[in-house]
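The region 'Domain I, interacts with DnaA modulators' annotation in Swiss-Prot covers 1-91. Feature annotation from Swiss-Prot assigns region 'Domain II' to 91-122. The annotation region 'Domain III, AAA+ region' is assigned in Swiss-Prot to 123-342 on the grounds of sequence analysis. What Swiss-Prot records for Gly169, Gly171, Lys172, Thr173 is ATP binding site, and it gives sequence analysis as the kind of evidence. Swiss-Prot lists 343-460 with the feature region 'Domain IV, binds dsDNA'.
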Amino acid sequence: MSLINPKVSAMFFDQIVTATDHNIAWEKIQNLLYNLYGEATYNSWLSSLKFVSSSNGEVLLSVPTRFIKEWITVHYMEKILLLWQNEDKSICSIDIQVTEEKNSSSSIISKNKEESVNNLGSPLDPRFTFDNFVVGKPNELAFTAAKRVAESIDPIPGSNPLFLYGGVGLGKTHLMHAIAWHIVNSPSAKRKVVYLSAEKFMYQYITALRSKDIMLFKEQFRSVDVLMVDDVQFISGKDSTQEEFFHTFNALIDQNKQLVISADRSPSDLDGVEERIKSRLGWGLVADINETTFELRLGILQAKVEQMNMYVPQDVLEFLARNIRSNIRELEGALNKVAHTSLIGRSMTVESASETLMDLLRSNHRSITIAEIQKKIAEFFNIKVTDMHSNRRLRSLVRPRQIAMYFAKKFTHKSLPDIGRSFGGRDHATVIHAVKQIENFIKTDSEFADEINQLRKMFK
């Protein structure tokens, strides 16, 4: 005599079959998601999704963190539901539960996230504040924009991201530190700020991949209120870092968080950076910091002397401002060097300053122009300067023209479009191609590399 109720047995068997069918369906859906979104996106967001159960037309999935749940719900849920319905018409909805995995980094994310955010960034330099920043025409827009971002609790429409660009030593990093200091010291706002270089962002990303803490990395960076990335040109050519930066950028913008980015050139001129990233970097306010004027350099020196509480004759300050034109770092370094002459009992005069800074002054006076580069390269290869501007594609002309473009990028502060215009109205893409060609030849052809080094000496 059987003690098993046939109806209960049949119901139990149906549930097993259904669960098995849905497990198979889920494996198929996972493959479809992988093919649909690609390896990087799948591994970043969808690989942690687990099938739990299904009943009464509802599928229950699980993820290890609340953050992943929210991201999937906003960005992928509609597609996942559609794929489920293609497999089983009875599925009406999907729910995601958060199930922390034991013995994994994801189980300690929420516990450590708050304190770890503070360890993400680089230390701030206490010297770099808005009060210590000398404003002039070349940096006025960048300063005003930076101050507005720092003082606003929420991102300002049209200023997110704030993108600052300019040559080395012109004040980009100073402004970024100033923004961070202002926010950190603001009594009214408790915003989490992270400032770091693009190089450190890449290093932390690689470390997270190696230690299998990638979800912790994602949560840390996506939980900040203000993310500031310095020298973003560093991610050029680094595909996986660019992919992660792209997703971090989008996540913060979607959450209405502020981004401040800096580079040594405008977004459109960032060679080796994906177009989709360059496009997003230009979404907000792009402010350039131009080369300093005499008046601005003199103002910087006067402010520095006041901070140092020391006396430097006005004619010496004017001499420095007139002759040290490369960047602010060199200008301040020159002032420090001249100031130290007083420690050995020498009087500070224009003559003593000129003697002390002989090498630096020589390099600053060596301002190389594109026209000079074209002339010297043309002479070296025994061609005409007009060949630099022509559209003739002879090999004997193309290579010297590319070399001249390469040196124009290396030795001048001109933008890529400006360089292209100086070579017969070519576009910036042509300049990029020329520079990459020369760089590749230098790496692969030792004789060519020697020739380039020989040419380089002509401009020193």
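For all residues, glycine too, the Cβ spot is worked out from N, Cα and C.
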Within the region 'Domain IV, binds dsDNA' (343-460) only, compute the mean pLDDT.
84
For Gly169 (ATP binding site), write down the residues of its own chain that are at least 6 apart in sequence and whose Cβ falls under 8 Å from its Cβ; none is a fine answer.
Ser326, Asn327, Ile328, Arg329, Glu330
Sort out for me which one of Gly171, Lys172 has the most neighbouring CB atoms within 10 A, since those are the binding-site residues we care about.
Gly171
Cβ neighbours of Thr173 (ATP binding site) where a neighbour is any other Cβ within 10 Å:
19
I need the neighbours of the ATP site defined by Gly169, Gly171, Lys172, Thr173. Which other residues of that chain put their C-beta within 8 angstroms of the C-beta centroid, in sequence order?
Gly166, Val168, Leu170, His174, Leu175, Ser262, Ile289, Asn327, Ile328, Arg329
